[in-house]
Amino acid sequence: MYWVLLCGSILLCCLSGASASPAKTKMYGKLPLVLTDACMGVLGEVTWEYSSDDLYSSPACTYEPALQSMLYCIYESLNEKGYSNRTFEKTFAAIKEDCAYYTDNLQNMTNADFYNMLNNGTTYIIQYSEGSANLTYPIEMDAQVRENYYYSYHGFYANYDIGHTYGGIICAYFVGVMILASILHYLSYTPFKTALFKQRLVRYVRRYLTIPTIWGKHASSFSYLKIFTGFLPTRSEGVIILGYLVLHTVFLAYGYQYDPYNLIFDSRREQIARYVADRSGVLAFAHFPLIALFAGRNNFLEFISGVKYTSFIMFHKWLGRMMFLDAVIHGAAYTSYSVFYKDWAASKEETYWQFGVAALCIVGVMVFFSLAMFRKFFYEAFLFLHIVLGALFFYTCWEHVVELSGIEWIYAAIAIWTIDRLIRIVRVSYFGFPKASLQLVGDDIIRVTVKRPVRLWKAKPGQYVFVSFLHHLYFWQSHPFTVLDSIIKDGELTIILKEKKGVTKLVKKYVCCNGGKASMRLAIEGPYGSSSPVNNYDNVLLLTGGTGLPGPIAHAIKLGKTSAATGKQFIKLVIAVRGFNVLEAYKPELMCLEDLNVQLHIYNTMEVPALTPNDSLEISQQDEKADGKGVVMATTLEQSPNPVEFDGTVFHHGRPNVEKLLHEVGDLNGSLAVVCCGPPVFVDEVRDQTANLVLEKPAKAIEYFEEYQSW
């Protein structure tokens, strides 16, 4: 997929330069601009002895008595509010900016020129009377009228400005959450976290708010009516998302300052439509940087916080949904406004309008094809479409606001997106494109070994890489796999693949066509993800199964080698497999555990044929005793032979009793780390049972580390 990423980056760079001189976002609610526009607005209701061929000309800019009246209006309003001449002088720039649309005559005026014009006009100024027409002299407007116009313009502009402020707060909210996560993450390396986890309030928060799943599902997908499927967040992710949704809802619905006199707009409904359109449009754009950052693989917040990539993808999805909702509200509200304002026919011909409609259609298609059913069955098509439509969405949004404001949100998103892609290219280039050895193990497992760079590249337990198999049929695809540093040969990596649909099936076919052993060049990007800091806990329980073995096995090897030095009391690796064929792929790593201080328990979950009356079943219940390595022996079923034998390993038939395993290690002295990676249902059960244990063992510091990731 790297060629798509590169082309996408180039496309975005070209598109971003397609329009010249984008308008910078300015804050309209500043006093000089509000007063200038308010006074220009109130004087615009006056009939002057003035005519112009320009339909949109402004007497306040081109007719001297009107300009003198505007200066006096601003000056008096500032005096009433207690501002000095220095603030008055700041309005001169606002006058020049507003009048630049109508005339260039004011652009060279100095402060002295404006003061002279004000003083000259003050000499002849007359109080305005309602109904006066064809005025040829400067006028003084009633103070209450001026204040009403100021209130009206202030509400209009402040609503627009506060949308940017609220957008910034949403960004700051997620950054703040990640800073808090970073603090908790780095506390894992200190004794303070152990003491913190024993506090009653903290235990209740972790039991009910941060560790458990929602309705027993997180790694395993939910389904409603067999159409709506997807992944639920964990409760901690849910709390973060809920906080964001509350913020977003409040920011979208609260704080509108409506004008009871309808001085700018003809009716209250016009005000509501325009205010909601502006607020929702700005909030939609404020999501750009976060959406780009959370989807990227080189997210600096992930590095500092230890939060998993799968969590950021969960946030990315919710941000995208709310951005789409904002865009729909923006489009509907602005359409309503144009109808109320009787400007529909002219508005729909505007360039910004047409690109806005295009952007809304594109993001709607993106959201629709991001549904779980498309990602599950057509992932490569989804990914390609997501990137292409994403680039088009950037472009249409750019053109939508290029002459308005809000372009800085897109600048930030493009910068984040481009930097991420450049770093990814650097990562792949640094690793090179080595030739890997592929070996078929059993019927559906491939063991891949490949040389890695000697310097500045080392995979920690639980980390993963994105691999592209450089075969002409599927070289563009990039898929994540957990990686192991080889224990057989220094400087090599080991990746275990299990045949599924897609590229792994094609790779297996290629290996089979070459007699079960083959070589192929790879592009490897990584390593990504953080390694769970389990070495800081007294006892470690590693639970794994299915295709989730690499991370826990790597942890077990590392812990086993350092347990004597770090004072580990107990390290237990529990592997649940459906048949023992998968163990052959990990035989070198599992044999390494024989000489380490690690208890290895293997559960075969494959069903055994029912026994007949003629079968003799001998169940030997052995007393718990330890062999030379301290491994506890368990009940065994003699009719279930083990095709692979590892010294000191305890084999079981059936599924592991997660609750029992957790309580066994929970009774040991010292802190406990529980690490899990395996089948989705198994992972969800371990998560929920660990949450229960946190409350049941008040004197014990227990931490749960989940290395299962799916997006």
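Here, residue 1 is simply the first one shown, and the rest follow in order.
Cβ coordinates come from backbone N, Cα and C, glycine included.
Note that the structure is a prediction, hence the values are computed from the model and not measured.
Over in Swiss-Prot, the protein carries these features:
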- GLY526, PRO527, TYR528, GLY529, CYS677, GLY678: NADP(+) binding site (BINDING)
- 280-414: domain 'Ferric oxidoreductase' (DOMAIN)
- 415-534: domain 'FAD-binding FR-type' (DOMAIN)
- ASN85: N-linked glycosylation site (CARBOHYD)
- ASN108: N-linked glycosylation site (CARBOHYD)
- ASN120: N-linked glycosylation site (CARBOHYD)
- ASN134: N-linked glycosylation site (CARBOHYD)
- 167-187: transmembrane segment (TRANSMEM)
- 238-258: transmembrane segment (TRANSMEM)
- 281-301: transmembrane segment (TRANSMEM)
- 322-341: transmembrane segment (TRANSMEM)
- 354-374: transmembrane segment (TRANSMEM)
- 377-397: transmembrane segment (TRANSMEM)
- 399-419: transmembrane segment (TRANSMEM)
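Annotation for ASN120 (N-linked glycosylation site): same-chain Cβ neighbours under 8 Å, separated by at least 6 residues, are GLN68. In sequence order, THR47, TRP48, GLU49 constitute the residues six or more apart from ASN134 (N-linked glycosylation site) in its chain with CB-CB distances below 8 Å. The domain 'FAD-binding FR-type' (415-534) scores a mean pLDDT of 92 in the predicted structure. A distance of 60 Å separates the Cα atom of PRO527 (NADP(+) binding site) from that of ASN108 (N-linked glycosylation site).
With respect to Cβ neighbours within 10 Å, the glycosylation sites ASN85, ASN108 differ, and ASN108 shows the lowest count. Candidate binding-site residues: GLY526, GLY529, CYS677. Nearest to ASN85 (N-linked glycosylation site) by Cα distance: GLY529.
The binding-site residues near ASN108 (N-linked glycosylation site), taking a 10 angstroms Cα-Cα threshold over the set GLY526, TYR528, GLY529, CYS677, GLY678, amount to none. TYR528 (NADP(+) binding site): 20 other CB atoms within 10 A of its CB, across all protein chains. The NADP(+) site in the record is lined by GLY526, PRO527, TYR528, GLY529, CYS677, GLY678, and its two most distant CA atoms lie 22 Å apart.
Mapped onto three states, the DSSP output places TYR528 (NADP(+) binding site) in strand.
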